[in-house]
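Visitor: Per TrEMBL, the features are:
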{"type": "BINDING", "residues": "K97, R287, R288", "note": "substrate binding site"}
{"type": "BINDING", "residues": "M132, Q162, K186, G187, A188, K200, T225, H226", "note": "FAD binding site"}
{"type": "DOMAIN", "residues": "45-298", "note": "domain 'Proline dehydrogenase'"}
Amino acid sequence: MSMTRKAVLTISANPFITRLVSKYGMKLGASRFVAGENMGDTLLKVKELNNEGLLVTLDLLGESVHTREEALVATDGAIRSFDAIQQQGVNSNVSVKLTQLGLDIDPYFCLDNMDRIVAKAKETGNFVRIDMEDSPRIDATMDIFSTLLEKYGRDHIGLVIQSYLYRSDKDVEQLGTHNVNLRIVKGAYKEPKEVAYPEKKDVDEAYRRLVASHLRNGCYTAIATHDIAIIQWAKTFVKENNISTDLFEFQMLYGIATSLQLDLAREGYKVRVYTPYGKDWYPYFSRRIAERPANALFILKSLFRK
Ligand code: FDA
């Protein structure tokens, strides 16, 4: 991990900075990365994206909740988003984080909450993907995922794998035997070198390896990156290996590489935009700044805009 990224992630955890940015950040530029603070505004953005040929996955922001009440509110929020998607007839599925649903409070409580969400996904003919968080939570996330995969099937639940982790080759191989729908990402957390590749080139190489392996196993793969070199590689790989465009999709974050998203959609690829919404946007926002400190400049510039 680069020094700058590490520094931004450390500074952003400072309580004073957290309070300051949470109060003013949405006006200062967080709205570039967050579709809205409420469902109504967000659905308008989802419709705009759909009209441009882009699919969506909605993410109700929030993570690491500390009380059962908060976790239940988040669970109800995810359930309500399936109803809203159905009522508005928009093309979107849903992504969730298990720490938002009570993973750190009690894994069984979290499992119950997640069970209700997948049940709703199934009832509305939709799909929910569990985002992957930092490495100490992976085993618990995998356990909950496996239990619900067995109960509801892979058409209704999927998972994320991070290429920066050494363990991911084995995980992809194992999940491939169950034909799991995986989103492959590079990984966004501050991880020690004991568990994750410190060098970007190794993370990128692992990324290609994991995507290739999952696609070769005939499993649905969401190629979630803004890395143009990897996207070009993926386009060539699928062509050379006669992989149907039904077996994969590109995914990118709301507000990032927007013209690339549109270009790929125009070329006929499926492109899904990870679209966060809600009031609790600060940790998500900090990770986006850490990935690209130039984004902090964008925020500063908006301070001086009329
Ligand atoms: P990389 O960081 O190499 O960036 C490639 C290029 O993309 C950069 O040069 C820049 O041009 C552009 N770019 C990247 N980030 C940018 C930013 N913030 N602002 C502006 N430009 C940027 N992580 C995780 O740990 N668990 C998860 O569940 C998910 N889920 C997820 C879903 C989706 C749809 C995406 C796209 C990403 C995630 N991630 C994630 C985040 C992921 O791990 C990673 O941190 C980011 O995608 C950035 O890495 P890239 O693959 O884009 O490559």
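Cβ from N, Cα, C; glycine included.
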Visitor: Reduced to three states, what secondary structure does DSSP give Q162 (FAD binding site)?
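Guide: Note: Q162 (FAD binding site) is in a strand by DSSP.
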Visitor: Which of these binding-site residues (K97, M132, K186) have a C-beta closer than 6 Å to some atom of ligand 1?
Guide: M132, K186
Visitor: Would you say which of the binding-site residues K200, H226, R288 has the most Cβ atoms within 10 Å of its own Cβ?
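Guide: Buried the deepest by this measure is R288.
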Visitor: Cα of R288 (substrate binding site) to Cα of A188 (FAD binding site): how many Å, rounded?
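Guide: One finds 9 Å between the Cα atoms of these residues.
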Visitor: Between R287 (substrate binding site) and A188 (FAD binding site), what is the CA-CA distance rounded to a whole number of Å?
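Guide: Here the two Cα atoms are 7 Å apart.
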Visitor: Which binding-site residues are spatial neighbours of K97 (substrate binding site) here, meaning Cα within 10 Å, out of M132, Q162, G187, K200, H226?
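Guide: So the list is M132.
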Visitor: Counting across all protein chains present, how many other Cβ atoms fall within 10 Å of the Cβ of G187 (FAD binding site)?
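Guide: Here the count is 23.
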Visitor: For the substrate site given as K97, R287, R288, which other residues of the same chain have their Cβ within 8 Å of the site's Cβ centre?
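Guide: Not counting the recorded site residues, we get E63, A188, P276, P283, Y284, F285, S286.
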